[in-house]
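Asker: First the structure, which I've put down as structure tokens, then a few questions once you've had a look.
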Amino acid sequence: CLVKRLCPQGTKEKGRRRRLRVCVATCNRADYSKLAPIMFGIKAQPENFELEVMVLGSHLIDDYGNTFRMIEQDDFDIGSKLHTIVRGEDEAAMVESVGLALVKLPDVLQRLQPDVLVVHGDRFDALALATAAALMNVRILHLEGGEVSGTIDDSIRHAISKLAHYHACCTRSAEQHLIAMCEDHSRILLTGCPSYDKLLSAHRRDDYMDIIHSWLGDDVKEQDYIVALQHPVTTDIKNSIKIYELMLDALISFNKRTLILFPNIDAGSKEMVRVMRKKGIERHPNFRAVKHVPFEQFIQLVSHAGCMIGNSSCGVREAGAFGTPVINLGTRQTGRETGENVLHVRDADTQNKIYHALELQFGKRYPCSKIYGDGNAVPRILKFLQSIDLDEPLQKTFRFPTVKECISQDIDHILETQSALAVDLGGTNLRVAIVSMKGKIVKKYSQPNPKTYEDRIALILKMCSDAACDAAVNLNCRILGVGISTGGRVNPHKGVILHSTKLIQEWSSVDIRTPVSDTLHLPVWVDNDGNCAALAERKFGHGRGVENFVTVITGTGIGGGIVQHGELVHGSTFCAAELGHIMVSLEGPECSCGSRGCIEAYASGAALQREAKRLHDEDLLLVEGMSLKKDEQVTAAHLISAAHLGNSKAEAMLQTAGAALGMGIVNILHTVNPGLVVLSGILASFYQNPVQQAIRQRALSSAQGIHVVISELEEPALLGAASMVLDYTTRRTY
């Protein structure tokens, strides 16, 4: 089965005797934007693939911009050009165009002899391609099957899916639709949309204003113009022309500069162009009417627009990646999955209704939505193509059980493990991990934490980007978002580090959320390491199912988090749960915060190390059974070892430290009255008994029964950072 063939070992054992000959067929400007990234990927691997390019449909028509030239400009050799469009722009012309393509395609396929034909979408030209290839026993890979849009395109798309042998779909819903259509689950790959590979990396160009000015005029500002793109609905041509006329009237009244693209070649397009010319749109000072915009420039225009209006799939798919407001008119995209940036006007029967939608949407910005892709579709598709066994029988088999029975938990090739990217910023190391829904650390990456802000930000972005790519291509993981754990005081609502610990330099008043979100196009959560430890316990540890508990971290410093009624307590200025700075003495040792007598000044690893060094300097640390090498640094561990070996002064210091921590926890019990105390960190096991003893001796009787347990989590900071994503992400998943 295909699952096994995706395994590297299986591929190695099988071996490919020759390169896979892949023919990519493109029919129009829209499908080329989806196919071009795949074509570039195939071309970049000449050792594995031989690329043939076939061009047909509206690419070769002057009225639609002769867009085959952009394929040549991308340095692709076009092996075959087929003039397949019968002019007329009505239903009969569409049927005749399919027939003409079927007459011409056999000779081309006979000459090219492709192993696989790549077909995109739901156009009538693509139906002709799939029909000819299926009848000539050519394997077909169909892109974007299983989607729903509510027009004749649905019927064409599903017909192509039934003819295709392999499927690369964009969303989980589309995958389930294909399964429900009885397609073989092992031949369906959930990839995301290939155009996202390009647009997510290319839409932040420095010259975007030059592009805007070149298409709309030098006086146009960012987010102060509209992109309009409306196509005919072939099952209701009369109504779609009426909606088009109302849209133009509303745009004229709205009085904003508008880039309007000509409709596609479907039946009804000629009438729509007549309406446009009747209203003088091509001569109107507020309008720029164009037949084609190169995809790279179109990305810039859509991403920086004040609004997009019409019924193009670009509005419900690509525009969501930028958070661009969209007004979707009519029924052409009914059934499509959309982000919150899309306002539907399905019954667009009046100019006022469309005008009001413009007033609501123009100039807004929405969170970026990645429903249709994460930027890693092409590597998945290329890996999928390489897995195809040409010796396998060509005849398709259909699967007839229900959808529920068909959904497989095997993720060898269906990339469905929902995961979080967790970041832990420590004083010494910067760590990134991919964490699954169940709390399993799939892979962990670690680098020394740089000393400067610029180097640290650069390393965070690089490590996160590398890990996200690794997760998508090699580890079968879907990254839902990024959780960041860092020392210091954090505003989690804004993703800003307010005040850092002394261990991390140049790390105060830092907005960490924005650069990470902008780079990865993912939602980002930030909190301090103590709160993250509490969140980790709540989701994966002793805190599961416990309404009220406290986590205390005992490490280099003392920190923690408080959970009340199942929610983390941050406080009005985000100082809640600074447990290490609870004062237990008025005249105690000086603390790193500048005060005296804090728990951290007595019981932290740094405090114990300080006392160990003092004893060592006074030659009072080492006892029989202990030794120090010449350059060995004195640590808290030496103080603990000395106490265990009978050093009375070390024992006294540890008793004081344990009593201080215990007293602080008693204060916590009397303040928030938790049902559980979880001790975490390297000193947790040492402090458990002293804390329990302090509670028995000093706590009110009603609080003396509180349990004190030691955390069983190995990576509380990373797991807590991940839990912020896994618990609270609102991103639509595949």
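Positions of Cβ are set from backbone N, Cα and C atoms, glycine also.
As listed in TrEMBL for this protein:
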DOMAIN    47-385  domain 'UDP-N-acetylglucosamine 2-epimerase'
ACT_SITE  ASP529  active site
BINDING   HIS581, CYS591, CYS593, CYS598  Zn(2+) binding site
Asker: Mind giving me a neighbour count for CYS591 (Zn(2+) binding site)? Other Cβ atoms within 10 Å of its Cβ, every protein chain shown.
Answerer: 22
Asker: Could you give the Cα-Cα distance between CYS598 (Zn(2+) binding site) and the residue listed as 'active site', in whole Å?
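Answerer: For CYS598 (Zn(2+) binding site) versus the residue listed as 'active site', the Cα atoms are 19 Å apart.
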Asker: Least buried of the binding-site residues CYS593, CYS598, going by other Cβ atoms within 10 Å?
Answerer: CYS593
Asker: To the nearest whole angstrom, what is the C-alpha distance linking HIS581 (Zn(2+) binding site) and ASP529 (active site)?
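Answerer: Checking the Cα atoms of HIS581 (Zn(2+) binding site) and ASP529 (active site) gives a distance of 15 Å.
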Asker: Same chain, not part of HIS581, CYS591, CYS593, CYS598: whose C-beta falls within 8 angstroms of the C-beta centre of the Zn(2+) site? Give them in sequence order.
Answerer: GLY580, MET583, SER592, GLY594, SER595, ILE599, GLU600, ALA601
Asker: Express the distance between the Cα positions of CYS591 (Zn(2+) binding site) and ASP529 (active site) as a whole number of Å.
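Answerer: That comes out at 19 Å between the alpha carbons.
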Asker: Long-range neighbours only, meaning 6 or more apart in sequence with Cβ under 8 Å: which ones does the residue listed as 'active site' have?
Answerer: ASP424, GLY426, SER485, THR486, GLY487, ILE553, GLY559, ALA717, GLY720
Asker: Suppose you look only at the domain 'UDP-N-acetylglucosamine 2-epimerase' (47-385); what would the mean pLDDT be?
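Answerer: Mean pLDDT across the domain 'UDP-N-acetylglucosamine 2-epimerase' (47-385) comes out at 91.
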Asker: Have a look around HIS581 (Zn(2+) binding site) and count the other CB atoms within 10 A of its CB, chains all included.
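Answerer: Around HIS581 (Zn(2+) binding site), other Cβ atoms within 10 Å: 20.
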